[in-house]
Amino acid sequence: MDRIETDICVIGAGSGGLTVAAGAVQMGARVVLIEAGEMGGDCLNYGCIPSKALIAAAEQAHRMRHGRFGVTAGEVQVDFPAAKDHVRAVIEAIQPMDSQSRFEGLGCTVIRARARFVSETEVEAGGHRIKARRFVLATGSSPLVPDIPGLDGVEVLTNETIFDLRERPEHLLVVGGGPIGMEMAQAHRRLGCRVTVIEGSKGLPKDDPEAAAIVLDALRAEGVELVERAKVERVSGGPGQGVTVHTGAGDFTGSHLLMAVGRRVNLDTGLDAGGVTHSPKGIEVDRGLRSVSNRRVYAVGDAAGGMQFTHVAGYHGGLVVRAAALGLPVKAETRHIPWVSYTDPELAQVGLTEAQAREAHGGRLKVLRANFDESDRAVASGRQEGFVKVMAVNGRPVGATIVGAHAGELIAPWCMAIANKLKLTAFTSTVLPYPTLQEAGKRAAGSYYGPQLFENPWVKRAVRLVQRWGR
Ligand SMILES: Cc1cc2nc3c(=O)[nH]c(=O)nc-3n(C[C@H](O)[C@H](O)[C@H](O)COP(=O)(O)OP(=O)(O)OC[C@H]3O[C@@H](n4cnc5c(N)ncnc54)[C@H](O)[C@@H]3O)c2cc1C
Ligand SMILES: NC(=O)c1ccc[n+]([C@@H]2O[C@H](COP(=O)([O-])OP(=O)(O)OC[C@H]3O[C@@H](n4cnc5c(N)ncnc54)[C@H](O)[C@@H]3O)[C@@H](O)[C@H]2O)c1
């Protein structure tokens, strides 16, 4: 067995692990990076990137099918395998950034094998024994396939297999109405599949219900069948028969089945030998992302057991570089973390939802709002549906919800404001170009001051005095 001594050993080359490896090695640390599967992890190969590429193909079909403003196309043809070629081409275009050769070029030792702790200070992978001052667990998560009777007798698609499917599903059953389920449901519907979503509670349950309702109505209007409060009891089917999902709300038969019911954290890294405690949610870490039981070990991204997003993995990675490479104290926060569901319309959230803000701030909370139909740009573009909702306390935003066209882009200034604890005056004093959708956000911010300015008798009195006596 070959022995390697290093400063930092990163396990997992997804968004979190790559951020740590690139940052630490460029700051002068010796880094070993270990990956059992594909470089780039879930986001590049089975998650964000293929899903957004498929959504782009689906949007093209949708816009062509629904000509507007006097512009129409002929009958729209969808070449399903060609849409999948686009997905593959996008992955290949981005791959070099995450590749083994790039990381070796930066100075990392890259090992392509499964890593396992053999002691609290050593890991084994691919015939190497690596002793490191610090270990970073960036091992991510995998699709959760629950133990539902009959599921093992049918072919089950997950996010790891659906993007490779070349034939168009005649009728896709999607179990789970979270972001994966909804993004995939709409994309497949637009690419010409019949789609039924079977959801145990309600669609997009983690989001603001008012905003989620706009997305769910849009999906239904496009022909996605959404069955809510339908608990899956069993699954049946077999070769040539399709697949039937049996629920308390009825039975649903389709040609293909996608399971999108959440994620299972990857914990198969010899954690017990490494003295790293964990629960099914992830590695047990303190606020500095350090294992509570083995202080040489950090966890980032999905493995850390919190929010499961690429930008969170990247944020964690940046914190751990500071902690592990520079020895600085760090604290992972969640109050400024955004998320976006890339349905059409998009749904974006940062900070607290209205319900969370009411619970946290009670009567001090002001909910500000501007509807897209008050935006001249939205009206001109025929995209009036949606709104900006801002949760404000003492003149500062603590949360923002945006649903509508480009919500994922429009949330950016609210992310900056909440991360930097800016006041709403940062919005009202900014001059925005006209006509843009961003103006809706500024209008929402301005509504905080409206009553103070326009319904205040003292202001009216002051204005009358200035008009009479002022120069
Ligand atoms: C369909 C889908 C769409 C998504 N869309 C978005 C989106 O639009 N925006 C967003 O922010 N997030 C999105 N996500 C979530 C995002 O993909 C994850 O949160 C992110 O990839 C987590 O990064 P990570 O570095 O923690 O883990 P991962 O990217 O999962 O990487 C972990 C890596 O560790 C490796 N590994 C595991 N165990 C070992 C071991 N013992 N030895 C060696 N290697 C190991 C794995 O092979 C893997 O490559 C999506 C997820 C899915 C499934
Ligand atoms: N745009 C994005 O940022 C994006 C996109 C996709 C995924 N992701 C990440 O991946 C994670 C996983 O996504 P997801 O959609 O798989 O999980 P999720 O946990 O967000 O949603 C799963 C849904 O499945 C339902 N469900 C669970 N068991 C069920 C059952 N037996 N029958 C019917 N319904 C059931 C739940 O009620 C829930 O609504 C997300 O939490 C998110 O962090 C992000």
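Cβ from N, Cα, C; glycine included.
TrEMBL does not curate its annotations; it predicts them automatically.
With GLY176, GLY177, GLY178, PRO179, ILE180, GLY181, MET182, GLU183, GLU199 listed by TrEMBL as binding NAD(+), the candidate from GLY107, GLY262, GLY270 annotated for that site turns out to be GLY262. Of the cysteines listed (CYS9, CYS48), TrEMBL assigns CYS48 as the disulfide partner of CYS43.
Remark: ASP302 (FAD binding site) has GLY16, ASP42, THR139, GLY140, SER141, ARG263, VAL265, ASN266, GLY282, GLN308, ALA313 as non-local neighbours, by Cβ distance under 8 Å and separation of at least 6 in sequence. Taking DSSP states H, G and I as helix and E and B as strand, the domain 'Pyridine nucleotide-disulphide oxidoreductase dimerisation' (337-444) has 43 helix, 34 strand, 31 coil. When the binding-site residues GLY178, ILE180, GLU199 are compared by Cα distance to LYS52 (FAD binding site), the shortest distance belongs to ILE180. DSSP classifies GLU199 (NAD(+) binding site) as coil under the three-state reduction.
With respect to their backbone Cα atoms, CYS48 (disulfide bond) and GLU199 (NAD(+) binding site) stand 22 Å from each other. In this model, the domain 'Pyridine nucleotide-disulphide oxidoreductase dimerisation' (337-444) carries an average pLDDT of 98. Looking at GLY176 (NAD(+) binding site) and CYS43 (disulfide bond), their Cα atoms lie 19 Å from each other.
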